[in-house]
Structure formats: C-alpha cells, structure tokens
Amino acid sequence: MFKQTFKVNIIPTQPFEGQKPGTSGLRKKVTEVMKTNYLGNFVQSIFNALPEDKLKGSTIVVGGDGRYYNNDAIQLIFQIAAANGVGKILVGRYGLLSTPAISAIVRARSALGAIILTASHNPGGPNGDFGIKYNMSNGGPAPESITNAIYKHTTSITQIKTTRNVSVDNLGLLKTYEWNDGEFVIEVIDSADDYVSLLKTIFDFDGIRKFVKNHPNFTFNFDAMSGVTGAYGKRIFTDELGIPESCLINCNPSQDFNGGHPDPNLTYAPLLVKKMNNGEFDMGCASDGDGDRNMILGKRFFLNPSDSVAVIASNYKAIPYFNKGGLKGLARSMPTSAALERVATDLKVPFFEVPTGWKFFGNLMDAGTLSICGEESFGTGSDHIREKDGIWAIICWLQILTHHNQSTNDKNFVSIEEIVKQHWAKYGRNYYSRYDYEEIDTAPAEAMMKHVSQQIESKQLIGKKFTGISDSLEYEIASCDDFEYKDPIDSSVSSHQGLRIIFTDGSRIIYRLSGTGSTGATVRVYFDKYETQPTQLNNDVQTHLKSLIHIALVEISKLNHYTGRNEPNVIT
C-alpha cells in the first residue's frame, strides 16, 4: 500500500462544441482529444451528470483498448476522479481492459460505473480515433437520460476539478495506491481474472479442453487484431482450454493496432480470411479493438453474424449456463436478419426486435426477459453481462463443436459448416449481406436518405412490383416505414432508427445513416432474403441477392446518383 496526499485544484475552462456522446460514447480524432482541457471537460461532465451522493466514495472501473493516448487519458481520469470525490478506481493492468471484462467487473464488484476508453473497431494511432464512454452500475452503456445530461454539462462547463498529486507511474504492477488516509484509492487489477471467473460459470471449460485433446487434428486460429483481447487470448485459449499458443496471432496490443483497422470482418482481417479460405484451420475467429465484436469462420466457410446468433440460440442446451437456467427470450437489432426470429418461434420463447445499440438489449436483460441477442455488425452476447462479447461468442462455438463431436474422431468430425447447414435444413436460410459506404460527405448522404424517406412517407412504394434482374422473380413491396421502437420495459420511444422496405415474400431492404466514424458519414444498406427450398440453400450469397441489391441501390435509392459511389468500402 502506497500512501500519499493530494489537494483539489480548480481549473477554469470553456465548452468545446460537438461533445455529444452517441450510442457508443464520444469518438473523435486523437488530435482533437489532445487539445488542452478537451478530454478534461468531458470527464468532468460525466461526474457532473452523476448524483453527488452516489459519486462520493464510489468505485469506478477504468480501462481501455490500448490505443494511442489511452494511458495519458487514464492518468487524467485518476486526477479528476479523486478531486470529484470518487473513493476507489479499479484500473486494468497496463491500462488494458476489454469492454466485456469491464462490464463483468462492474457487476462483480458492485461499482457505480465505468469509464471506458475505446473507439471500438475504429483505427488508432496519433492520427487515428479516440473514444470514451460511461457505463452504468449494471455494466451496460449509459441510457440517453445520462448521455444527454453529460452533453448538457459539456455545453456550459466553466471549471474542472482536478489534482496534480495523483498518478500511477507503472500500471504494469498489480498494486494498491492510497491518498489522504484512504479517502481515494487506485487498485491496479489483473485484466482477466474477474472475466475468466465469470466465463467458467457459463461454459464447460473442462469439456472443451477434453474436446481439444481428443481431436488432435482440430485446428484453431484466433486473431486479436492487435487489440485488447490479445491480453486475454493466451490466458483463455491456451492456459484454460489447452489450445496451442501458436494458434494465436496479433495478440500484442498495439497503440495503432499494428497499422491495421481492428474491425473483424472479411475486409479488415485479410490474413485470417485467406488462411480460412485456403482450408488451413477448422475454426478461425477474430475480435475487434475493445473485444466486444467477433467474426467466426469455418474451413472455407464464412459464418454470417446473423446466422451465428441463431445457431447459438438453437443449440442453447449445449451451453451449461442456458441448459441450467433456460432461455428467457431472444432478441436482435432491426437490421439483423430474421434468422433468430424463426428459432424463437420454434422454441416458443419471447422475441424482440430493437434498434441498433446494445443498451436496448440491456433493458430487456435487466427485466429478466432476454437471454441471447445479437447484431449483424459482428456483435453477439447474452445476459451474463450488459455488453456484446466477442470472446464469449467464440467460446460458444467451441462449446457447440464440443457438443456435436462428443462421439466423433478426426475422420467423422462435425464442422462449423455442417452445423450451420443442419440449421438451414431445419429453419430455412436467410441470405443476408450489408454494404457499407464509408466517409461520404454528409450532405449527399442525407439527400439520398431523404429521397428514400419521401417515397416511404408518401406510401408510393406499397404495392410496387419489381422484376428481378437475375432470377426473374417478382418482388412486390408489402410495407415500408421508418423504424420506431417502444421499449416494453420503460415505454421510452426511439424514432428514426432505419428505413425499412419489406416485400411480400419476407425479403427486406434497410437503409441507415451512421455517424460512428470521426469523419464523414457512413451509409449502410442491408439485404435479407428468406429461402426454404432445399435445392436453394447453398447458393453464393451475392448471386442469390443480386436482384434485391439492384432494386435497393438502383431502383429505389439511386445511391450512385446521390453519392457518386459505385462500390461499397465493405461487404459483409
């Protein structure tokens, strides 16, 4: 125990424009965040938005994904937290904590909340992005009532409470530091301990280890994409599950993610995708910068995130946590394919369709009505925490493989592809794809969305028929709207969550304008087509969706006309 003292200092400041946190907190360029008082203003505004009686003497968890400026920001948070009456900071070793691990720690240690330093899957480095968000005592993202309060304080802030006498020189040491006779404490904790303990209550680690041992030819590859889960990879996959350390790549967290884009998809994880397409591994997986997203691949087989959550749900009995406690309900974000809904119907459990944003799942979980959920954007999770969880999803699939291969050997091994195709044979297949058009100037992006919105508002699309350019099928629009969600728990209403066009055969086209990047806008277009014919379940996705894609991009939105873009940056 290192005992020291500090005094509170008041620093005058002025508001910065644009400090409005979104679904994933505040994300800005590093160069902007490093401006004098910029980050200090936002951190002080977080504390100003919290009830003073709850803040005083409270425990706050702090950590991040290790991107550039992470540890400088942590030292700043220490100083402002101490001056604002926080009693204890739990900080991850080296300043590293995955977002799922933070959620687990908050819940396990009854913390008031957490300050998470991450821009998730956005690039890092001196010219990259930086992010900060506040999570609540349930371990989940702050609701709009809190984020709006934070923003309001950023617009009127005049001073920052801080101190010059609080710092931890070496975050690599697992030690406890004390100031003012215990009035303020910083404890550097192991980044993985609480999280691994939780995972052991969910999965049969011994069973998975036995599966790995009994199938010596089973090959596995995990790509941490130089993000925070590199700090967890060896501990979980090698030490706990018996997978050779040589199967882990890019597991050294890097301030700029080793020059990469830590977004686990087919575009930004090219090395892993190439290896899997070459058939080098039975299972390949990747996680993003802060560890909440996942991509899973089988040998020469891409597992769509929408299918992944559906298969996990349909195999819930293979996972001890759900086999023991049962399924309370299933949910997906609106743009995610309808595959999960068919599982919910079959299992006779409640189903929820919510806007994009994990906080909507959190409300349902806190009310005890939701167990498993997912987003098409490579986010999958359950009620074990209140964030999506990339490592959890990967272990789910290891557990499912273990279940399906209890009596197999290397000759009759049941693969990821076979498990998914068994699922399609039972439930049908949702052919699904998402096109991302990134860093578009805001004005043309908004003009395109307005063009689609006007067609929806006028009802002129309802009953309109299109002939498929590739399949000659007739596509008739049954309904269209701007998705609105009324939360069944707190009755809050979330409007303008995405433009939906639904066809008579159940096919869907969805348009969304996203602002999670630090520059420009991203237009996302989603295509979802349901197929039950046995002879049509194994087609190429882009070929099968060609007609629907043409209708969406050319006939309805005229995307090229408005944005000048001929091709998306990312196809999922």
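Quick reminder: no glycine exception, Cβ is built from N, Cα and C everywhere.
What Swiss-Prot says about this protein:
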- T23, R27, S120, H121, K133, D292, R293, T356, E375, E376, S377, K388, R524: substrate binding site (BINDING)
- S120: active site, phosphoserine intermediate (ACT_SITE)
- S120, D288, D290, D292: Mg(2+) binding site (BINDING)
Discussion item. Quick check on the binding-site residues: of D288, D290, D292, E375, whose CB has the lowest count of neighbouring CB atoms inside 10 Å?
Written reply: E375
Worksheet entry | Span of the substrate site, taken as the largest CA to CA distance across T23, R27, S120, H121, K133, D292, R293, T356, E375, E376, S377, K388, R524 (Å, rounded to a whole number) | 24
Worksheet item: By a simple count, how many Cβ atoms lie within 10 Å of the Cβ of S377 (substrate binding site), its own Cβ left out?
Response: 23
Worksheet entry | Rounded Cα-Cα span from T23 (substrate binding site) to D292 (Mg(2+) binding site), Å | 14
Worksheet item: Of these binding-site residues, T23, S120, which scores lowest on Cβ atoms within 10 Å?
Response: T23
Worksheet, complete the sentence: When each of the binding-site residues R293, R524 is scored by other CB atoms within 10 A, the minimum falls on R524
Worksheet item: At the level of the C-alpha atoms, what whole-angstrom distance separates S120 (substrate binding site) and D288 (Mg(2+) binding site)?
Response: 7
Worksheet item: Among all the protein chains here, how many other CB atoms are within 10 A of the CB of K133 (substrate binding site)?
Response: 24
Worksheet item: Within 8 Å of the centroid of the Cβ atoms of S120, D288, D290, D292, which other residues of that chain place their own Cβ, given that this set defines the recorded Mg(2+) site?
Response: D65, S98, T99, T118, H121, G227, P262, S287, G289, G291, R293, G390
Worksheet, complete the sentence: For E375 (substrate binding site) and D288 (Mg(2+) binding site), the CA-to-CA distance in whole Å is 15
